[in-house]
Amino acid sequence: MAAAAAELVIGWCIFGLLLLAILAFCWVYVRKYQSQRESEVVSTVTAIFSLAVALITSALLPVDIFLVSYMKNQNGTFKDWADANVTVQIENTVLYGYYTLYSVILFCVFFWIPFVYFYYEEKDEDDASKCTQIKTALKYTLGFVVICALLLLVGAFVPLHLPNNNNSTEWEKVKLLFEDLGTGQGLAALSFSISSLTLIGMLAAITYTAYGMSALPLNLIKGTRSTAYERLENTEDIEEVEQHIQTIRSKSKDGRPLPARDRRALKQCEERLRTLRKRERHLEFIENSWWTKFCGALRPLKIIWGIFFILVALLFVISLFLSNLDKALHSAGIDSGFIIFGTNLSNPLNMLLPLLQTVFPLDYILITIIIMYFIFTSMAGIRNIGIWFFWIRLYKIRRGRTRPQALLFLCMILLLIVLHTSYMIYSLAPQYVMYGSQNYLIESNITSDAHKGNSTLAVPKRCDADAPKDQCTVTRTYIFLHKFWFFSAAYYFGNWAFLVVFLIGLIVSCCKGKKSVIEGVDEDSDLSDDEPSAYSA
């Protein structure tokens, strides 16, 4: 029992250290992007807290896999301390952790974030009192609460029975597996709600992460345009516009009023001239900035990072393609959510993670790197694309200039994407997420020359769906991911869409030219002349 407690403490201590690192990362990340002029304490705390909860939930995945793996020896036998009661206790500890964190996520998504968002939307109205702002925000938030309640009710009572197919032995495996996942109504309701959010996260990942995986490394490799060259172009544009303004004004030297067409052209030229002079001030500031010189010295390092990121992206894409192809060829079909038994087509990550798990916490570190990679590539995609509602651009994400409402939208999108990363990791390494490094014993017949006959020997085999129910423990993560087969089917098709969008994004990123060092300065209507430092960072 003491050994069991020691193993449990090791896993949770690593989780605790990672929790502190997550909180520090979220604080730095949110503070980096929030507007310095419109900073609000409540929106900042909400953004940090919601993003941290999502990352902490993802951090439970390697803990879950670690605990089920450490119940067994590599020879396929259970450890001495891993009796039935201890095993159930460990599983319940992780399950209650998921219950708590997923409940907090539902609270953030369906109540707290919408309330804070609508509160600041009403705050923009100068004549609205604080009481009116709260009432209006609660009124709009009530709609989200109703949606959450409906999802919980549907999840609690939706039928989980799979279609019958008596002619296939695979169906028997699927039925037994789903029976093993439990039938609690509370678990079903929570799983349905979280799966619905994960489905939205899948759409966000297809839109932002897939594009960011190609845009981020190629932008690092290509770099930005030369500041001196941009200043030269800008100076030529200023001279051209000034000359055009003088030409228009010369038409009224004799006192005659300008025609309406010329007045409109003059107004447009004056606006253009103000914008160009504003660009000139920012370009001059950036050219003389020590930060620009420092970044120039780091240019070779950025190229190396870009090459590394594109190689990692190709590794993920190849692994995801092989995993999806394996499901297409060998799964139990769409009505089972494309559940696959065993691995017929191995991919690099599916082979690497079980090997790293033998030296704890190497697999923990790799999963953390994968999650952070998805965060950074998603952020790159959001910064390049912006936040849109169909064809209407709602917000731009700018370093040091993101409004409180946009910051909440940003963290909401990242929260949903992080939720989806658990399924992405499962797609990349299904056997690892389901059973970790567990083995079980099977009887194998061998021929012995000494005894001139056959003998039976128990040999270890990697856990899969063919293993006896009492020999392999399924992770609690897998329960939440596959409680409803139709969500798994949607994720499967979403993975193909992810691959297509990545390829499209790769082509677009290759065709696009270098970015300006002050990209977005022309679009930012709130850009003041005394704050050029935001674009020098």
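Placement of Cβ uses the backbone N, Cα and C atoms for every residue, glycine included.
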Could you check Swiss-Prot and say which of THR169, THR235 is marked as phosphothreonine?
THR235
Hey, in Swiss-Prot are SER289 and SER509 both on the same membrane side?
yes
Which residue does Swiss-Prot record as phosphoserine, given the choices SER35, SER39, SER448, SER525?
SER525
Same-chain residues at least 6 beyond the ends of the transmembrane segment (406-426) whose Cβ lies under 8 Å from its Cβ atoms:
30, 33-35, 43-44, 46-48, 50-51, 53-55, 57-58, 61, 105, 108-109, 113, 116-117, 120, 194, 197-198, 200-202, 204-205, 208-209, 320, 367, 370-371, 374-375, 378-379, 382, 387, 394-397, 433-434, 477-478, 480-481, 491
DSSP three-state call for ASN75 (N-linked glycosylation site): helix, strand or coil?
coil
Tertiary contacts of the transmembrane segment (484-504), as residues 6+ beyond its ends and Cβ separation under 8 Å:
155, 158, 160, 162, 178, 191-192, 195-196, 198-199, 202-203, 205-207, 209-211, 213-214, 313, 317, 320-321, 323-324, 327, 334-339, 423, 427
Based on Cβ pairs under 8 Å, which of the stretches 48-68, 98-118, 186-206 lies most in contact with the transmembrane segment (362-382)?
48-68
Please count the residues of the topological domain 'Cytoplasmic' (383-405) that DSSP assigns to helix (H, G, I), strand (E, B) and coil.
5 helix, 8 strand, 10 coil
Which residue counts does DSSP give the topological domain 'Extracellular' (324-361) for helix, strand and coil?
20 helix, 0 strand, 18 coil
